[in-house]
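The structure appears right after this line, and notes come after that.
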Ligand code: NDP
Ligand code: HEM
């Protein structure tokens, strides 16, 4: 006899033998009736779920958002009121690599946050960059295809990336950040996070403000050069997981200062750029960041699959006092994430513990895969439709956002018209010191290996429009790295 719990089948029956299959004689064959063996093999076949179509490789931890500032004049969100403390989950990720990809690859980093507020889950699904490669969501699948594998070679294609980028100048801001030092942070703790999009706040008086969220690392920015990153990968492909997990395990809890930039609703007509354009920042001088609190990560997940792989972040998860904006990319993301979750995790994915709101949930959705909450979530089995006379859950008018004026003729507007793709990149380029510029040039040159010269030349025109030094710097780095020059035509990899 033993004190250990009895091993059972999934139906709860004791398992008499977990070492030897049921056979006809010691040499076999195996009996079809060995349902324990079949159950074991069948479960193994179902251990993997589809990886995220982007941001597949990730690292996560739980923590707290503490509000120390006072922005109650802008938003009624309870979790943003002075003194509020909200439990939260963070998942960091790379964009392009698959689930087994090495952590220290040059890539944009995801910075996804889920706040378990008393008014429902608020998810801020951002990156470690304040801008993005596209400003029209129509281009997201095309852009992502250039980051993933070539259909024939099954290899990443530098040609595809630079072909797309050189034909899409709105990507230049994000490409410059990606190729700069911030494109390869040492750990997830040594980078900022940004909500990136313009969101909105609204208050009890029904006033709306546009808002951008910033999470500034308190661990300092630390980056690796390409060579340093490669050396790390030579030793471990899991450097981020190790760094984050053991920092928290050892009590060195990473923190970020939380800031917002606020723009009164009608000022969106006055900026020289479209403040809802995801390829643009709001200059700090015009909209100074306001410090509102601290984000701290202080608890590792008990089970990676259950709590990080199963986590479902969606920009559509907002709470009263926080709203969206006309940003076209944000608008498309409001559809895309919950759709991805229904496919990746199943219909009732918000029933998985890590996704469950920490407040009462009452809705009239029914049945379907993974409905494990007793079939109906209205509090009364007679109230399974709405309106009803059985005290079923009712709508809450106080959660209604103030009206937003929307007008314009329906058309497919050319998003490149009237948008300067260079001025903010120039402001960034001018911030870099000589060392940063030199690493920017060599990182770009390294990433352009094997790209046909007509594509390189097209991209160099964009660099020149930012600053003549940008073009000449990259050209010199291309020559040093690949012997690229007027009389040296680089060869296409595929
Ligand atoms: P500021 O001089 O007021 O702000 C510059 C900001 O640039 C800094 O606060 C810092 O942002 C960020 N920065 C500094 N060094 C680097 C670097 N090596 N790589 C990437 N970002 C860096 O000027 P502006 O607000 O007018 O911005 C100028 C440019 O700075 C923008 O065009 C944009 O490219 C970049 N930037 C601007 C941000 C913004 O929200 N205004 C945010 C991030 C970058 P942080 O404090 O967030 O670390
Ligand atoms: C993940 C779509 C733009 C940040 C994902 C996923 C999809 C997706 C389908 C996988 C979701 C899942 O399976 O759980 C899109 C579309 C975009 C877009 C359609 C544009 C049209 C952006 C932008 C950002 C961003 C602009 C940041 C500002 C992230 C992050 C994740 C992610 C951080 C990983 C979330 C996690 O950790 O689970 N995206 N995305 N995406 N996306 Fe996007």
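The backbone N, Cα and C atoms fix where each Cβ goes, and this holds for glycine too.
TrEMBL annotations: computationally assigned, not manually curated.
Marked as active site by TrEMBL: 55, 127. Feature annotation from TrEMBL assigns heme binding site to 337. For 8-394, the entry in TrEMBL reads domain 'Catalase core'. What TrEMBL records for 1-20 is region 'Disordered'.
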Neighbourhood of residue 337 (heme binding site) by C-beta distance under 8 A, where only residues 6 or more apart in the same chain count: 125, 312, 313, 314, 315, 316
Collapsed DSSP category at residue 127 (active site): strand
Spatial neighbours of residue 55 (active site) that are distant in sequence (at least 6 apart) but have CB under 8 A: 93, 94, 95, 110, 112
Secondary structure tally of the region 'Disordered' (1-20) (DSSP, helix then strand then coil): 0 helix, 2 strand, 18 coil
Residues near residue 127 (active site) in space but at least six apart in sequence (CB under 8 A): 108, 109, 110, 111, 193, 194, 196
For the domain 'Catalase core' (8-394), mean pLDDT (0 to 100): 97
